[in-house]
Each structure stands twice: as C-alpha cells, then as structure tokens.
Amino acid sequence: MASPGRIRNRKPIGTSRSDNYDQDDEDHVNAVYQRPTARSAFEQALDTPKASAAVVGILTALAFALRFYKINHPDQVVFDEVHFGKFASYYILRQYYFDVHPPFAKLLFGLAGWFVGFDGHFSFDNIGDSYTENHVPYVGMRALPAILGSLTIPVVYAIMKETGHSTIVAAFSACIVLFDNAHVAQSRLILLDATLIFFMALTIYSYIRFRKLRYWEFSVEWWSWLIATGFFMACAWGSKVNGILTVLTIGIAVLIDLWDILDIKKGHTLEHFWQHFLARALGLIVVPFIIYLSFFYVHFAVLTYSGPGDSFMSPAFQETLIGNELLMHSQELRYYDVIALKHRDTKVFLHSHPDRYPLQYDDGRISSQGQQVTGYGYEDANNHWQIIPTKALPEAGRGRVVQHEDVIQLLHVNTQTLLLTHDVASPLMPTNQEFTTWPKDDHSRHNDTLFYLDLIDGNAGDTWKSKSGHFRLVHVPTKVSMWTHAKQLPDWAFKQQEINGNKNSVEKSATWYVDEIVSTDSNLDLAEINTPKEPKKLGFFRKFAELQLLMLQHNAGLTASHPYASTPINWPFLISGISFWTENDTQKQIYLIGNAIGWATCVILIAIYVGIISADVVARRRDIEAIPEHIRNRLWNSAGFFFLIWAVHYLPFFLMSRQLFIHHYLPSHLASALLAGSVLSFILSDTINFPISVAGRRTHMRPSEYADLGTKGPIVVGIFAAIMFAMFVFIAPLTYGTPGLDGDAVNSKRLLSSWTLHFAAKNT
C-alpha cells in the first residue's frame, strides 16, 4: 500500500466532466478497494457485507426494543400530547384547528389514530388525563414515532458507512443516538421530534448518496437521489417549523458545490454550470416546495368543518368552513341598524355610559371631561350603537346597505350621543387620542363625529357584514384608528378597558367586527337570515399564504416564560431538562434529559474537531503539511458537512426570542453524533477508506486505501457502548416513568443540581 504521506492530488484533466478521482473534493463512499492481507483480521471481518448487516441488524433491534419497552406506560396524557394528540383528533373529526407547525407529522398522527380505531372524541385536555378510562388506542398512536425513532438508528449507521467510515465507527455514532435517553423519551410519545429527526437523517443520507454520484452526473440514479433529497427535505420541513434549518443546511452545501463547479480550473463551461444549477433548482427547490404545498392541500381538504382554529383566520377563510358562525349568521348591515361592536383581539365591546372623564388625571394632565367611551367585556345595553348615514339614502333597496369606504356616524342609543375623537390625550396613553361622545343635536362638532369605514381586505362596493366584516374605524379629520389594549382604566371608569385613537391608521390590532345586530331597518325575515348556507370558496394559495403568515407571527410570539424553558448555551451540557409527567401517589415521573456520557463525548469531540481544523489552518499558513491531503479533504468535507449540520441546527436558536427547550437541540445532537464518529476515526487511525465515490466511465483511478482501526477500535467503542448503556439504564426510570423512586433515589439520579426533579428528598 502506498504510504498516506505519498498520496498527492494531481492536476485535473482538461475535460468538461468532473470524473477525476484525483480532485481534492473526493470525500464520499460507495465501493472501497481493499487489500485484505494488509489490514487487521478484525477489521476485515467487521467490514464484510454480512458483518455490517449483522451489526446494523443488532443496533436496529435494540432501537426497537428500547423505544417500545413499556410504551403503554403511562396510560395518561404526557406533556405536549395535550396538543399533538388533540390535533390528531381534529383530523379524525375534520374540525379546523390552528398550530404554529406545518401539518405533515400531525397528519401522520391523525392517520395512525384512524388506523387503530380512534374516533377522535377524546380531547387530550390535560396532562394526566387517562387513556384507558376513555378507551383511547394510544399505544397505536405512540407506535408511529417509536417506529420512526427506531429507524433513525440504521439511517445514522448508513450515513457513516456512506461517508467512508468503518463498521465500528458507524456503530459508535449509531450508539450515541441509540442509547440516548432524550431521543428515546421523545420517540415514545405523541410528539413531533421523532418524525423531524427521522426525515432530517434521510435528507442527509440522500444528499450524500447524490454527491457520491458526481462522476455520473445527470444519470437516472443521480437524478433519483437528488429528487429523494428534495422529498425528504420537504418532509422534515413539513414536520416541524424548525425543519426549515434542514433546508438551510442543504442550501448552504449546494451553494458550496455550485461554487466549486463554477471554478474555471475544473474545466467546466458556463453551460455545464447552468445545467447543474437548474437541476438542483428543480430537485431541491421546486420539488420540495410542491411537496410542502401538498401537505397543506391535504390539511385543508381534511379540515372542512368549523373548529377551535376558526378565530385565528380571516373572515373570508372562516366562511369556507362548514358550520362556521360567520358563515351561518353573517348578515349585511344597513343604515339605522342598531349593533354591538367587538374588538377582534381583546373581545371587549365598544361601550359608553353617562359617567365622564375626570378633569385631571393622576399625572396632572387635563381631560375634556367628556362622556366616557370604554371597552366592556360583557353584554350590556350600553354597548348598543346605531349606524347613522352622512349621505342621502333611497327609501329602499341596496342603497341602504353600508359599504366599504362609506363615511358614517355611530350614535350611542342609551345616551343619544355621537361617537367622537379629538386632539386630546387619552387617559392612559398621552400619545393617543381620547374617545368620547357629543350630543347628536349639537352640530358644532359635526366633523369630529365622522368616521371612515375601512373593511379589512375590502374593495370598492364590498358590503359591511356582521360577524365576518372585520374593519377599522378611521377618524376622518385626524386619521386615527379606533383602538384598544388590555390595560384597565382606574376606578373612575369601573376598571373597564381604554378606547383611544391610534395614530397608525392601518394598525392591525385596531380591528373590530359587529358581534350582533340588535335591531334592523331591513325587511328580511330572521328565519331566512339563519338558514344554513353553503361554504364559500377561497383559493388554495390565498389560504396557504394566510396560514403561513399566521404561523410565523404566532411562533415568534411564543415569548411567555415557562418553568422548563432553557437557553441554547445550556443544551449541549445538559444543564436542565423538562418535566414531562408526574404521578404523586407512586412518585413516578418522566424527565426529558439526555445521556450524560454521550452528550459529553459529543461536546469534547466537537471541540477537538475545531482544534484540529484550526491547527491545520495555522500550520498550512507556515507551509507545514501536518495532515496528508486526502485525509484533510475528508476532515474538511465529510466531517465538515456534519459540523455544518450541527451548527445550522443549533446556532440560529441564539437569535430567537421565543420559548426554547432542550428538545430543540436533538437534531443538532444527531449531527454531533455523526461528527463525533468522524473525529474518533481520525484519532484512532491515520488511514481512511479511499477513494469512496462511484467511479465514472472516464475516471482516472488513484491508489486505494482503507481505514484500519485494528483491535483498539472495537475495544474503545465496545467500552464506550457499555458505559453509555449503563448510564442509559441509570437514568431509565426518568425516561420511562417507572418504577417510582423514593426521595433518596431521586437525588441519586440528579447528576447536576440544576435538574429540577420531583419527589427529591430534602437535604439535611
């Protein structure tokens, strides 16, 4: 065998095809050319196809055993099963719901529930609600993530084998995920992470297989793995909102790949570059987006009935749902109708009463002493307002219907005063205008009582409707929008909500709707009004765009504190976990925390990798070739790809202000397991499997090399696996929620004082 130090890259041949094995980007595996007499017998035995199949078979069997062990316990709702179990029931009942995550994984849960006979009538309301008492086939629903979590292990193994690592190193990376308590706990419950991680792993595997075929560009197999990468990437994206990080990872890798193809030294024409660009655009943009769209198409097609998610959506969207209140009871509004108006966000009625604002507020500011206009949360006669026209009306017909862009007045029925706002500071917000009323017969301030009706997404000629006709009420002279907020006024206003004028006339939260028509000038029969109506039609892309925007807004808005929320800097070090479930009588609990041995190993090996790469960069600046070129390429390309996956799935969380939990790190943990295997291989052996990509028809072959860890590889990995399994068993009562532990036993499981375990004994 040629010495590793003697292997050098040759100049690329002058051809438009990237089919030269001598190129310095060679880093992916298919066939390994071996000389059996030169490697250890143990290594030869392990790397045979039969031995490799036996190893992955054992790992997979263990994965299924660990994830299905006592999967029926607890027979109660655990942690976020209150959400994702509930969403599955909505699919079965076909009732519309809203969630910040895309629907693919939840559709799978709905399908699994339907398949095992779940009727959807259990509501998953509270953690601890009994499944058995309510006859819920929960084991079948939990089996879906358990299967996907188990199948992730052979995918991790296959990724390592496909990137040129030996059987023992592939088993090492697989064991880090196999014996991890956090991965096991997440895979045994009706949660989204197992689905996300499974399709993330398949995306990585498919992209590696695609890159290995770069000397067979545009072949059927090349296209197949390109399309497979796009498909699995869409599945990861469609499983959970942070699946977009998998898309970003592949996007960065593809840009690096295209930048390399663009290099004129590689001998490619611009036409060749654009062919590759368009192929990747098709396989990794167009195909994934179509698949991602298809998840929402199925989502909308299934959820056709009114449900708990209606109120999040626009009126136009709600009217597409069977049985929706807006569809059933929406009615055109006519001048002189008496109505009750409600704020969309805070659900308070526009209210007024004879009491007046105090002359002076607590901060010394002076008011107009006008009649109070407030927001009131309950039905009351003082919530009633009459729509007054500002133009001549016909005696009958469509001319009496209120329309978008009409200028109107609102008459408070009980006090016979008109709604008014003016350039006086509101009680709680000096920058906003005070709302009050003015006697209807006093025309001296007529202009200040004029309001412009701005229907949300309205067009000229659109009619104003109760329930569905969301609107902003814009003051004509000052252009402020009638607005309210949750802060209460003092005792002089009976702790009611402030109404004021927001100077942003298009403020989204300044949205109101007519909740009730108290009396009407119309001759329509009320029975005719309440007649069931056919759902309206709304284009798929309009529904899709509206839902995407809402998902982004609400995901960013998850900023409330949570007792088990944590910051990203803590995750790799297992500073804290999450309490999923407790049972006081038996002192059982499920606490999400990783395997300390595996996580510490990954952190150490990531640090070693960064150190190796940094040292190599400095050495090369001094013209020192400390690492042979082909091994350096493997460290930069294969291990570097794993480092990229880890970083992209981890670092963006430092920029997020929303609630974050340790389970958000699990995709990065899988990537760290892959990187740990690469670094271990570098540490234990100065050889690699090389070359490793599929040779093209005109490939210039290079001397082959193979990885040989000798006997130290199996010994190190065997000891590591045994220690990891021992740690897994030690933490297992917190992972499986059984058996119950007394206070002293709980304290013994608390490896860090920051772990907030229940039922711990007090220190004496």
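Note that Cβ sites are derived from N, Cα and C of the backbone, with glycine treated the same way.
Here TrEMBL flags 330-390 (among others) as domain 'MIR'.
Here TrEMBL flags 399-456 (among others) as domain 'MIR'.
Among the features that TrEMBL reports, domain 'MIR' is placed at 461-517 (among others).
Summarising the annotation, TrEMBL assigns region 'Disordered' to 1-25.
What TrEMBL records for 104-123 (among others) is transmembrane segment.
The feature transmembrane segment is assigned by TrEMBL to 143-160 (among others).
Same-chain residues lying 6 or more positions outside the transmembrane segment (167-184) and placing a CB less than 8 Å from one of its CB atoms are 43, 46-47, 51-52, 55-56, 59, 62-63, 66-67, 149, 152-154, 156-161, 194, 197, 577, 592-595, 598-599, 601-602, 662-663, 666, 669-670, 672-674, 676-678, 680-681, 707, 709, 713-714, 717, 720-721, 724-725, 727-728, 731-732, 734-735. Among the features that TrEMBL reports, transmembrane segment is placed at 167-184 (among others).
What TrEMBL lists as transmembrane segment is 190-208 (among others).
With a threshold of 8 Å between CB atoms, the same-chain residues lying at least 6 positions outside the transmembrane segment (220-239) that come near it are 101-105, 192, 195-196, 199-200, 202-203, 206-207, 209-210, 213-214, 246-247, 250, 279-280, 283-285, 287-289, 291-292, 295. Feature annotation from TrEMBL assigns transmembrane segment to 220-239 (among others).
Using a Cβ-Cβ cut-off under 8 Å and counting only residues 6 or more beyond its ends in the same chain, the transmembrane segment (245-262) has close neighbours at 18, 25, 199-200, 203, 207, 211, 229, 233, 236-237, 268, 272-273, 276-277, 280, 284, 288, 641, 644-645, 648-649, 652, 667. Here TrEMBL flags 245-262 (among others) as transmembrane segment.
The transmembrane segment annotation in TrEMBL covers 282-305 (among others). Sequence-distant contacts of the transmembrane segment (282-305), counting only residues of its own chain at least 6 positions beyond either end whose CB sits under 8 Å from a CB of the stretch, comprise 90-91, 93-97, 102-104, 107, 110, 223, 226-227, 229-231, 233-235, 237-238, 247, 250-251, 254, 321-323, 535, 540, 543-544, 547.
If you look up TrEMBL, you'll see 596-619 (among others) marked as transmembrane segment. Sequence-distant contacts of the transmembrane segment (596-619) (same chain, six or more residues past either end, CB-CB distance under 8 Å): 175-176, 179-180, 572-574, 625-627, 632, 635-636, 639-640, 643, 646, 669, 672-673, 675-676, 678-680, 682-683, 720, 723-724, 727, 731, 751.
Annotated transmembrane segment per TrEMBL: 640-661 (among others), in sequence order. A Cβ distance under 8 Å defines the sequence-distant neighbours of the transmembrane segment (640-661), meaning residues of its chain 6+ beyond its ends; these are 200, 204, 208, 242, 245-246, 248-249, 252-253, 555-562, 564-569, 571, 578, 606, 609, 613, 667-668, 671-672, 674-675, 678.
Under the heading transmembrane segment, TrEMBL lists 673-694 (among others).
Residues or ranges marked as transmembrane segment in TrEMBL: 715-736 (among others). Tertiary proximity for the transmembrane segment (715-736) is limited to same-chain residues at least six positions away from its ends with a CB under 8 Å from its CB atoms, namely 66, 69-70, 73, 168-169, 171-172, 175-176, 179-181, 184-185, 188, 589-591, 593, 595-598, 601, 680, 684, 745, 749, 757.
Residue counts for the domain 'MIR' (399-456) by DSSP state, with H, G and I taken as helix and E and B as strand, are 9 helix, 29 strand, 20 coil. Over the domain 'MIR' (461-517) the predicted model carries a mean pLDDT of 94.
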